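Colleague: Here it is: the structure, laid out below.
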Amino acid sequence: MRAILRGLLPATLLPLAAYAQEATIKEVHDAPAVRGSIIANMLQEHDNPFTLYPYDTNYLIYTNTSDLNKEAISTYNWSENARKDEVKFQLSLAFPLWRGILGPNSVLGASYTQKSWWQLSNSKESSPFRETNYEPQLFLGFATDYRFAGWTLRDVEMGYNHDSNGRSDPTSRSWNRLYTRLMAENGNWLVEVKPWYVIGSTDDNPDITKYMGYYQLKIGYHLGEAVLSAKGQYNWNTGYGGAEVGLSYPVTKHVRLYTQVYSGYGESLIDYNFNQTRVGVGVMLNDIF
């Protein structure tokens with residue numbers, strides 16, 4: 001299985017580069033592509049009806065963490081030999097199911113985001129994947145241009161989110177949420193807020209909102225060709241949260257050099273209640289702009 005995954009990773013990420021930057025597109029529904037707008041991008045119609053669109057960022061980085069949550073994976077026969085250095089990568093794609101479902105600037109869409117932490121250098125234990133989070137979504141999105149105090153609201157999105165690590169007990173972690181995502185931009189600034197409401201069972205992680213809160217805030221700043229980004233979640237009642245800061249810069253037309261720092265709780269589902277600081281550097285195919 002690991003050999004298959006190693007082969008699939010480059011085969012999956014490389015074709016995505018073709019869609020990471022602006023392509024020759026045909027404007028539809030009077031909603032031209034807008035920098036940083038997921039929904040306006042999905043309203044663009046390519047010649048290929050099976051085109052996949054970036055949803056979140058797509059990257060691959062080599063990382064090292066201040067501490068490793070060995071207790072959470074103690075049932076794995078290799079847990080004591082787990083290493084602090086890992087390859088972390090994220091694949092995030094979206095597909096429009098129905099453009100114009102509720103008007104010319106609306107779309108019914110689906111997305112899939114996968115984030116993995118791979119013990120690549122741990123050859124002694126056959127380089128296992130310590131954790132992988134699978135996050136499919138179904139959503140209704142609107143591209144807008146409402147203006148207020150210099151800001152333009154670009155995306156309004158409402159949907160259902162499932163997030164799971166695909167494990168069985170005792171390492172199973174999952175939760176389901178209804179969410180709203182709002183994205184606005186002002187010049188070189190982008191701000192996105194995504195509040196959510198947890199539904200269904202959280203028996204695997206009953207206190208997850210204690211550490212992950214009820215919303216995510218994302219901020220981006222376009223500095224020349226570089227993009228500085230920050231996102232995080234915080235529970236004001238408990239004082240727990242986590243934040244990620246990233247900086248990317250283009251090195252070719254389709255590839256960006258990317259540096260990332262994550263600090264706090266909730267970097268992954270298995271680490272939702274574990275505090276750490278992780279630093280990584282690698283490549284990215286598309287940033288939030």
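Just so it is clear, glycine is given a Cβ too, placed from its N, Cα and C backbone atoms.
So Swiss-Prot has the following annotated:
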- 1-20: signal peptide (SIGNAL)
- 21-52: topological domain 'Periplasmic' (TOPO_DOM)
- 53-65: transmembrane segment (TRANSMEM)
- 66-84: topological domain 'Extracellular' (TOPO_DOM)
- 85-99: transmembrane segment (TRANSMEM)
- 100-105: topological domain 'Periplasmic' (TOPO_DOM)
- 106-118: transmembrane segment (TRANSMEM)
- 119-128: topological domain 'Extracellular' (TOPO_DOM)
- Ser126: Ca(2+) 1 binding site (BINDING)
- 129-148: transmembrane segment (TRANSMEM)
- 151-164: transmembrane segment (TRANSMEM)
- His162: active site, proton acceptor (ACT_SITE)
- Ser164: active site, nucleophile (ACT_SITE)
- 165-173: topological domain 'Extracellular' (TOPO_DOM)
- Arg167, Ser172: Ca(2+) 2 binding site (BINDING)
- 174-186: transmembrane segment (TRANSMEM)
- 189-198: transmembrane segment (TRANSMEM)
- 199-216: topological domain 'Extracellular' (TOPO_DOM)
- Asp204: Ca(2+) 3 binding site (BINDING)
- 217-223: transmembrane segment (TRANSMEM)
- 226-234: transmembrane segment (TRANSMEM)
- 235-241: topological domain 'Extracellular' (TOPO_DOM)
- 242-250: transmembrane segment (TRANSMEM)
- 251-255: topological domain 'Periplasmic' (TOPO_DOM)
- 256-265: transmembrane segment (TRANSMEM)
- 266-274: topological domain 'Extracellular' (TOPO_DOM)
- 275-286: transmembrane segment (TRANSMEM)
Colleague: Based on Cα distances to the residue listed as 'Ca(2+) 1 binding site', point out the closest of the recorded positions His162, Ser164, Arg167, Ser172.
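Modeller: Checked the recorded positions His162, Ser164, Arg167, Ser172; minimum Cα distance to the residue listed as 'Ca(2+) 1 binding site' goes to Arg167.
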Colleague: Of these recorded positions, Ser126, Ser164, which scores lowest on Cβ atoms within 10 Å?
Modeller: Ser126
Colleague: Which whole-number value in Å describes the distance between the Cα atoms of the residue listed as 'Ca(2+) 3 binding site' and Arg167 (Ca(2+) 2 binding site)?
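Modeller: Distance (Cα to Cα, whole Å): 10 Å.
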Colleague: Could you check the recorded positions His162, Arg167 and say which one's CB has the fewest neighbouring CB atoms inside 10 Å?
Modeller: His162
Colleague: The residue listed as 'active site, nucleophile' to Ser172 (Ca(2+) 2 binding site): how many Å between their Cα atoms?
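Modeller: Rounded to the nearest whole number, the Cα-Cα distance is 8 Å.
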Colleague: Have a look around the residue listed as 'Ca(2+) 3 binding site' and count the other CB atoms within 10 A of its CB, chains all included.
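Modeller: The answer is 19.
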Colleague: Check each residue in the chain of Ser172 (Ca(2+) 2 binding site) that is at least six apart in sequence and keep those whose C-beta is under 8 Å from its C-beta; list them in sequence order.
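Modeller: In sequence order, the residues whose Cβ lies under 8 Å from that of Ser172 (Ca(2+) 2 binding site) (at least 6 apart) are Ser164, Asn165, Asp204.
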Colleague: With Cβ distances under 8 Å as the criterion, find the stretch in 53-65, 106-118, 151-164, 217-223, 256-265 that has the most pairs with the transmembrane segment (242-250).
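Modeller: Out of the listed stretches, 256-265 contacts the transmembrane segment (242-250) most.
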